[in-house]
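Trainee: Submitted below is the structure of interest, expressed as structure tokens.
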């Protein structure tokens, strides 16, 4: 079979990228790698198509050539293709070098016995040194790009085999002083030097000889495979942490070089640092990291070589370089940074974090640097979080958090404020606006905003995040926890609906805050009347904070609340509280309450649970009662000879498939609010408990949909509509696959598949925010002009029903009318999530059977959908 065409390859590559594993398992999977290598030599394909084929080999080498022989053959074929290229400039040489390197590295082929490795390594070294360019391999015009690519390839191979390039350190040093790409050579030399310093003590090689040796013309060449094998077993390349200077840390040995080796090593490091200012900020940061790693393992050697660079880097505005400076400070401390350097760096971070025009990520970076600042002489035990000693309240006065800040910035600044409060300096206790006072005022403001009835959930979440942060940082300061507990109590009194947030906070904080807050919240709950409107939240809170000894106040509250637990959800929450009390042994009062519940509750499931809890309380002692209610791996399991396995017992333990017990349909949609919500109507055919509806959309049209939960449904009783949030990735209709998981009245869990639900194009419509009165025409014209030239424009003939244009707009498009001159002209603006819009101009014509519609959109894919929708409006009337 001859080479494939460009269109055939495009179709084949698209199918592979859609699902690589499925494509490779198909009929064409085995031939893909072979056909790719063969067509790279075809003259019928353009260089652009061949570059796309090589890009596939760079992304999926393990899938195309999964075993060692296949990878060896692929690398050999790629090298042969590169040799056969004509001497004119070509866009294929660099991708071929990268592809051959990637196949060798990912396929596990790299080694002294590999023919492809023995061909590629000398070729890369020759290109990096500039010797092979111009000798039939490529034109002089490609010298610098090929040199840079060869250095990148050698760096990748050195990362896979640490120590491989240890024998050419001297050559790389000489190349760095010649005309050539400085950045790739510098990073390659730094990586090879770092790896050599790590593995050289175990190999026994002379460091001075490695740093001064050139390329050997005899033997196996400059590649030290023994050193590479030693480094591969002891070094994780690009490890994210600094090595310790002591023996055995990070499995690295401490190097004790001779004076001659120290001289050559310092010369090599100085050579790299002298040219580092020519590198990009990201490359400079990586170079400093590699050299810092290398010098940290040298015993008795000061990092004074970095000192001239600090003069340049301490005032840098590049975040990557600033991060590298902080990494050097964490590694070397006072050996490299004086107290003046530390004060200057700390002051610079503080002032930069106060700049009002900083982007949010940059602002957070500076705050994180302050929170994690590596001090020269930190006080306290290692690992304990504390503010830097030089960072006092006076310096941080401009970093105090405010309610106007972004939530992430507020929390970071609050973290810093908590660390300042933890120090609690004596001279600040008498000040009126000391950090403690400011912290109390900030918490009070957060709690007041969270207590606003109907306020956004994000404000409540921020308040509890701040409370957790304060409790974590100031757990040993009761004077700071007391106002926090009082404020949280007032917050619950104002908004019991935040009970889930309180439960989550109690689960996360330590005992210093958990115990007093639990006691106060229990007292607050039981002091409420049992018929409160927020009864469900009180019961949920009580299930978390109730004492195990069943206090009389708690039982009195539950007895009063039992008469108002009319629905299934309230009854289950009430029984959860009884279960908590039951685990502590209960008492006579709890037994009386369970008897009342067994007679009084309307739901049979609730009555059965209450009766079961009463029987367990009456017949089991404390330890066995705890085991029965909360079995765990640490507790012995209860056994009984009266229980035998049978079909009914096994059926109760599995989820069974059953016919659909409900009917589900899409209800009328209301285009209101900023979010897209699909309204669903549900009708029960039989009693259903704990219903969970799971939705799924084929493909990637929509983001994953959340499940919808319904406590119970009964036939003949009206059910509230359900609301399903939709997050389209493209404005297109879809079919929702629906699966129901529920419990029957007999206690068996079943699942059923429901008919798919259609999401029509009109269900995706959302209105634009209403502009001020009188600004609607200008707003619409601005939207209309913004659609072109990137969008699309069209005209459609929309048939009219017998009612005319005004009735059509009133019935179908009323929420989206931006400008209206009834009954002849309407301007419609429709928002289509996530980022599309549809604009319509309806102008009545002379004939009565239709109306011309001019439409524009910023998404050309919307045009056919909009046309079908408009042409179908008269049919739906």
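Cβ atoms are placed via backbone N, Cα and C, with glycine included.
In case it's useful when we look at the structure, here is the feature table from TrEMBL:
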DOMAIN    35-104  domain 'AP-5 complex subunit beta-1 N-terminal'
DOMAIN    262-625  domain 'AP5B1 middle'
DOMAIN    688-757  domain 'AP-5 complex subunit beta-1 beta-barrel'
DOMAIN    779-872  domain 'AP5B1 C-terminal'
Trainee: Using DSSP, what's the helix, strand and coil tally for the domain 'AP5B1 C-terminal' (779-872)?
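Mentor: Helix, strand and coil residues of the domain 'AP5B1 C-terminal' (779-872) number 29 helix, 37 strand, 28 coil.
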Trainee: Per DSSP, what is the residue count of the domain 'AP-5 complex subunit beta-1 beta-barrel' (688-757) in each of helix, strand and coil?
Mentor: 0 helix, 41 strand, 29 coil
Trainee: Average the pLDDT scores across the domain 'AP-5 complex subunit beta-1 beta-barrel' (688-757) and report the rounded value.
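Mentor: When the pLDDT values over the domain 'AP-5 complex subunit beta-1 beta-barrel' (688-757) are averaged, the result is 88.
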Trainee: Over the span of the domain 'AP-5 complex subunit beta-1 N-terminal' (35-104), count residues by DSSP class, listing helix, strand and coil in order.
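Mentor: For the domain 'AP-5 complex subunit beta-1 N-terminal' (35-104), the helix, strand and coil counts are 50 helix, 0 strand, 20 coil.
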